[in-house]
Number of protein chains: 2
Amino acid sequence: MSRLNETHDPALQSWLASANLAGQDFTIQNLPFAVFRRAGSGEPFRGGVAIGDAIVDLAKLAEAGVLDGAAAAALAAAAQPSLNDFMAQGQAAWSALRLALSRALRAGSPLEGALRECLVAQADAEYTVPARIGDYTDFYTSIHHATNVGRLFRPDNPLLPNYKWVPIGYHGRASTIGVSGQTFRRPLGQTLPPGAERPVFGPSQRLDYELELGIFIGPGNAQGTSIKLDDAEAHVFGLCLLNDWSARDVQAWEYQPLGPFLAKNFATTISPWIVTLEALAPYRTEWTRPADDPQPLPYLESEALRREGAFDIQIEAWLETARMREAGEAAARLSHSSFRHSYWSVSQMVAHHTVNGCGLMPGDLLGSGTESGPTPEEAGSLLELSAGGKRAVALPNGEERRFLEDGDAVILRGYCEKAGAARVGFGEAVGRVLPAAL
Amino acid sequence: MSRLNETHDPALQSWLASANLAGQDFTIQNLPFAVFRRAGSGEPFRGGVAIGDAIVDLAKLAEAGVLDGAAAAALAAAAQPSLNDFMAQGQAAWSALRLALSRALRAGSPLEGALRECLVAQADAEYTVPARIGDYTDFYTSIHHATNVGRLFRPDNPLLPNYKWVPIGYHGRASTIGVSGQTFRRPLGQTLPPGAERPVFGPSQRLDYELELGIFIGPGNAQGTSIKLDDAEAHVFGLCLLNDWSARDVQAWEYQPLGPFLAKNFATTISPWIVTLEALAPYRTEWTRPADDPQPLPYLESEALRREGAFDIQIEAWLETARMREAGEAAARLSHSSFRHSYWSVSQMVAHHTVNGCGLMPGDLLGSGTESGPTPEEAGSLLELSAGGKRAVALPNGEERRFLEDGDAVILRGYCEKAGAARVGFGEAVGRVLPAAL
């Protein structure tokens, strides 16, 4: 059974010309969801779907009353100030609305006029976190990142024995997750200078980004039940970009034995746009495990996983320093990799998270962990790129970085592209470092 | 300036006789808050205050309109289905309502008749989690627990070098926190049997309780700001009992390098009643640090902390096995200690949590960590009492336990008592283990 349907047809064109441009993230085959309003308007936030350089205002579309049936019921939920209720409705509702929007946005649609009334330019919009995130869990699914970082924190013992068996994860802070455009002050904290016996207190000197994908949960499961691997994707609404900002010096001093805490919880930046798993269907790929590695325990293993459990999503991190911004220079790409390198799949994260009876709720967010790829230039953090700060990373304008400086903005981007399928992009997740509050 | 006021007067008596009985947790000097309704009624949940064997129904009291001014404004918030808005109001509101209730519940109050109309018997009530808990953080503030557990997980290196400097904490799962009466299935998970090279999957064989206090946050702070040590208690609404159920075998295998995850997030049980810091004022005590230990960094140090930053709260864990329950036998006390042994104070937890700019929100919950005391019999978990399962703990009825068995109920209790002050109790937090879902 193919997961592809008429909404994936690469030949589809929208009556909105910007959606059909080469390199466009927000094609008619994509149709990602966000929560937005006109910037500075004080209007209520409401759901929106990206198309080209515009947003379909779902609240206005619901008022217009031009959709009916399952799509109309889904639209009513998706139009709200947060997407939780829509996420809770599940795949049939998500698909019904996607299909209706795909048809309405196609060249020649009789609904063009009604839809045009609902468009807001993305340039005029501001966004908010698209769901009330009850709980946020961050995973650690790139074996390359785990090995690179492990080598720096534990040179003798880079990859711990549990890594190849357990999709390692930990709980993060939900209240400090912000949407693209987030700024935050450089965190203060305790660190142990090299060779010192006593910690010092002050601004982090080793501030870093982490290039991740976020995974928004759909219906979820009741506490005391679990989600089986092959049912897991039915509980995933979609994916976004996620920057798990990290204070490496704070992390090194605090993380044993209970894991990262203040090193991570000061800010986490996500993209406004959530790309649905359905939109990503053309970019599914086989999930593999090196033959010499242990194969997963049965609850993390299935034929469907092997066949199509991975997603080939290109992800990138770009740095725009204050000097670049002032000079009007382009940002510099620091990281690029693909989510297909992930050692654990989206479905394995969900199945593992719930196998003990932990209940996931609509709107919960999982982070993939930093998605570093197999080669050094595919590293998803400065910690890795600078070998723990030992090696400066040269920037095109002559600056260099070991870690982030005040004024630095990090821009995450993500997209899927291949012959025979339409491009599907994630837009951006931008965050910027402000000076510490002293 | 004394923190004691007329509400703490040990001579106060209520017109409700049960409140004046010796050994009563819910004296007129206590006045803790919960959210309740009549059991099985389907009524809306609403705020309540315990007095003797009854609850003052705050919604009904608000309707009666017998309070005015600041107390009436506080009452309107405290009457809601969750206490978040009341928690957000801050100390002046909390104190105003406490004083008004203290006066109304005293013997001879002209409001006795009106208040009597608002009483619901605790025996007829059911409770819910008293706030929408946005984020839950668990600390690790008992150095005795950290040392005992560290010895089992890392015999060569029981107490890590950061412990005496950093109030270690980590983020927990908010969605699986339940109120007293919670039942949960024994979690399934991966564990590494002793000497094995490959993990196995199945029900946890080392299920444990943890005797903790919970700390509900009041107003909190905006992201990017911090709460100074001497302001911290103004952001603490009150304390409850907290059982951080733990699957020790899952924990041992999964916890490196990012901390506990599935070993903890299947269930956490709190007491329905939150005792305010104001009610605990008579039980404040000096906060001390052994002279040979490093003294705290300046952001975790103050004269007020030294003078009165600790709380002498007696805490106990009792075990009721299925056999005891069937035979009508009394539960057996396994753990007893005092929160005064905590290496880090409530105020230090709050100041540390926010020093990096992390925002705390009204209704957020902090766990103290297992509050084991200095002697072996003051250990707050079976892991410690059974020396990692090596030594059976004998029960009065001839049973024994190394870890929890299906059907076991764990009952946490807490209270403050001393000459010259009224008793202030926390009631109970009861949770029960159901068989694994196989």
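Just so it is clear, glycine is given a Cβ too, placed from its N, Cα and C backbone atoms.
Unlike curated entries, TrEMBL annotations are predicted automatically.
Annotation source TrEMBL lists active site, proton acceptor at A:HIS145. A:HIS145 (active site, proton acceptor) carries a helical DSSP state (H, G or I).
The Ca(2+) binding site annotation in TrEMBL covers A:ASP138, A:GLU210, A:GLU212, A:ASP244. Every protein chain shown contributes to the tally, and the Cβ of A:ASP244 (Ca(2+) binding site) ends up with 26 other Cβ atoms within 10 Å.
Counting only same-chain residues at least 6 apart in sequence, none has a Cβ under 8 Å from the Cβ of A:ARG154 (substrate binding site). Annotation comment: TrEMBL describes A:TYR140, A:ARG154, A:GLN251, A:TYR255, A:THR370 as substrate binding site.
Residues or ranges marked as Mg(2+) binding site by TrEMBL: A:ASP244, A:LYS264, A:THR268. The Cβ neighbour count for A:THR268 (Mg(2+) binding site), using a 10 Å radius over every protein chain in view, is 31.
The domain 'Fumarylacetoacetase N-terminal' feature in TrEMBL is assigned to A:29-130. Looking just at the domain 'Fumarylacetoacetase N-terminal' (A:29-130), the mean pLDDT is 98.
For A:138-414, the entry in TrEMBL reads domain 'Fumarylacetoacetase-like C-terminal'.
In sequence order, A:GLY369, A:THR370, A:GLU371, A:SER372, A:ALA379, A:GLY380, A:SER381, A:GLU384 are the residues near A:HIS145 (active site, proton acceptor), counting only same-chain partners six or more apart with C-beta under 8 A. The binding-site residues near A:THR268 (Mg(2+) binding site), taking a 10 angstroms Cα-Cα threshold over the set A:ASP138, A:TYR140, A:GLN251, A:TYR255, amount to none.
Each of the binding-site residues A:GLN251, A:THR370 was scored by the number of other CB atoms within 10 A of its CB, and the lowest score belongs to A:GLN251. Among the binding-site residues listed (A:TYR140, A:GLN251, A:TYR255, A:LYS264), A:LYS264 has its Cα nearest to the Cα of A:ASP244 (Ca(2+) binding site). Using CA atoms as reference points, the binding-site residues A:TYR140, A:GLN251, A:TYR255, A:LYS264 were checked against A:GLU212 (Ca(2+) binding site), and the closest is A:TYR140.
Proximity to chain B, defined as a CB-CB distance below 8 A, holds for A:TYR140, A:TYR255 out of the binding-site residues A:TYR140, A:ASP244, A:TYR255, A:LYS264, A:THR268, A:THR370. Other C-beta atoms found within 10 angstroms of the C-beta of A:GLU212 (Ca(2+) binding site) number 31, with every protein chain shown included.
A:GLU210 (Ca(2+) binding site) counts 29 other C-beta atoms within 10 Å of its own C-beta, drawing on all protein chains shown.
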